[in-house]
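Participant: This is the structure, below, for whatever I ask next.
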Amino acid sequence: MKTTLFWHRRDLRFDDNAGLAAALQRDEPVLPLFIYDKEILDKLPKDDARLTFIFDHVEALGKEAHEAGGGLLARHGKVLDVFRQLLKDYDLAAVYTNEDYEPYATERDAAVAKLLQEHGVEFQAFKDQVIFAKDEVLTKNGKPHHVFGAYSKTWQAQLKPEQDFKPHPSKRLFKKENLRRPARGDASRPTLQDLGFERHEQYTPPAKLPPAKVVEHYDKTRDTPALDHGTTRMSVHLRFGTISPRALMQQANELNKKLLNEIIWRDFFMMLLWHHPNTATEAYDPKMRHLPYRHAPNDYQAWCEGRTGVPLVDAGMRQLNQTGYIHNRARIVAAGFLVKQLFIDWTLGEHYFSEKLLDYDMSNNVGNWQWMAGTGAVAAPWFRVYNPDSQQKQYDPDYEYVKKWVPEYGTDKYPSPIVDLKEGRDRALELIRKGRGK
Ligand SMILES: Cc1cc2nc3c(=O)[nH]c(=O)nc-3n(C[C@H](O)[C@H](O)[C@H](O)COP(=O)(O)OP(=O)(O)OC[C@H]3O[C@@H](n4cnc5c(N)ncnc54)[C@H](O)[C@@H]3O)c2cc1C
C-alpha cells in the first residue's frame, strides 16, 4: 500500500498543522512519524527534561492517532539511516514535513530530500511555525531587514489576519479513511529507557492558549518577574509546536499589540538565523568578532550557579537551574551582567542557556544574546549597559522575586558582589573600544 509519511519535528500537534493538512489531502493514507535523532540526543545529559517533555507529547500523539484509526511511528537513530530503513519497510509515495530554519536542520533536510528523490519519493516542507519566513518580509529595496523596528512595521503592514491566521484543516481531516496504521510489528515506540534517558519532569503550563486576562494585561505585567502569570509562558509550546503559533498570534493581535510585537521578535530572529547561519556562533557584526573577552572560569562558574552577589542575576540563574525557565527581565539582567560587567564571551552564556532552558530555541537564544552583547543585527549599540541595581529598583523593588529564589539574600551567607558594577562596566567599554574593528 502506498503511504505518505508526515514527519513531525517542532510541531508536536495534529491541530492546525500546515504540513500535516497538506499530507492528509493527498491520495495515499498518512502515517505520522517522529524520529528521536541520535545526532541531537547523544549530546544531551541523560536526565534532560526536554526529552521527557518531547517523549510525553509524542506518546500522547500516538494515542490520539490510534484512537482516530491510525497510528504514529517513532524511530530512534540517525535521520538518514532511519529513512533508508523506512524506504525498505514501506512503499512510500511522499514525505511531508514543516520547515525548520536552524542550520543543522536545513542541512539535514537537504540530505533527506536528496535521498528520497533518488528513490522517487516526493519530499515537501511547509511553512508552519512562523507567520512570515525567509524572504517574505523585505525592505523597500527588496533586502532582508536587520533592524527589528522596521521589520515589525512591515510585518504588521503586510499581515492579512483572515488569511495568515487561518487554521489549517489537519484536525478535521485526521480520520480513519485518511490514515494508516504502522506496519505489522512496527506499532511499538521506544520508551525513555530505550532512548537511554531518565524521566525528569519540570513544570510547564498546559498546552493551550493562555487565559484572556493574562493576554489583556500583558503590557502592564510582563516586566514584573515576581508575578507568576505576568507573561504567557507559551515559549516551550512555541518551541515544540505543542500549540499553534497562528492561534496565539491571533489572540495577541486581537487582545494585546504589545504581546504581538514580542512574538514578532521570534519571526525576526528565525529569519535572521536562516539568512545568516554563521551567526549561531559568531557575531553578526563583523567589527565585533575579535573582542578581547576575559578568560575568567571562576566568575563564569559563579554566574552559572547564581552566586555572583548581584541579587537579580542570582535569582534569575537559580530560577533557570531549578525550573528550566527564567523570566525575560531576569534573562536580560543575567545576560547583560555576563557580557558586560564580567566581559565574558556571549557564546558561553548562550551555551549555558541552551543546556538549561526548556524553551531553548537557537534563533531566539542567539538573537537575544547577541543583542545583549551588542554584537547582533538589532539596533542595540554595544555601549548600552544595563545596571542590575537600577533594574532591581525598577522591576523588583520589594525584592519579592529575589527572595523567592535566593532565600539567604540579606543574611551573612549571601556573598558580596564578585565585581564592582561600575568598574566592570568601564572595563567592558574600554575593552570593546580597543577590540572593535580589529
Ligand atoms: C539572553 C536571552 C535569551 C533568550 N533565550 C530564549 C530562548 O532560548 N527561547 C525563547 O523562546 N526565548 C528566549 N528569550 C526570549 C524571552 O526571554 C522568552 O521568549 C520569554 O521569556 C518566554 O516566556 P513567555 O513565553 O512567558 O514570554 P512572553 O513574554 O509571554 O512572550 C510570548 C512569546 O513571545 C516570544 N518572545 C517574547 N520575548 C521575546 C524575545 N525577546 N525574543 C524572541 N521572542 C520573544 C516568545 O516566543 C514568547 O514565548 C531569550 C531572551 C534573552 C534576553
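Each Cβ is built from the backbone N, Cα and C atoms, and glycine gets one as well.
Feature annotation from TrEMBL assigns domain 'Photolyase/cryptochrome alpha/beta' to 2-131. Among the features that TrEMBL reports, FAD binding site is placed at Tyr218, 231-235, 262-269, 359-361.
Mind running through what each feature is packed against?
Facilitator: All protein chains included, Arg233 (FAD binding site) registers 18 other Cβ atoms within 10 Å of its own Cβ. Under the three-state DSSP scheme, Arg233 (FAD binding site) falls in the coil class.
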Participant: Let me know the DSSP-derived helix, strand or coil state of Tyr360 (FAD binding site), please.
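Facilitator: It is coil.
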Participant: Select one residue from Tyr218, Trp265, Tyr360: among these binding-site residues, choose the one with the most other Cβ atoms within 10 Å of its Cβ.
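Facilitator: Comparing the binding-site residues Tyr218, Trp265, Tyr360, the most crowded Cβ belongs to Tyr218.
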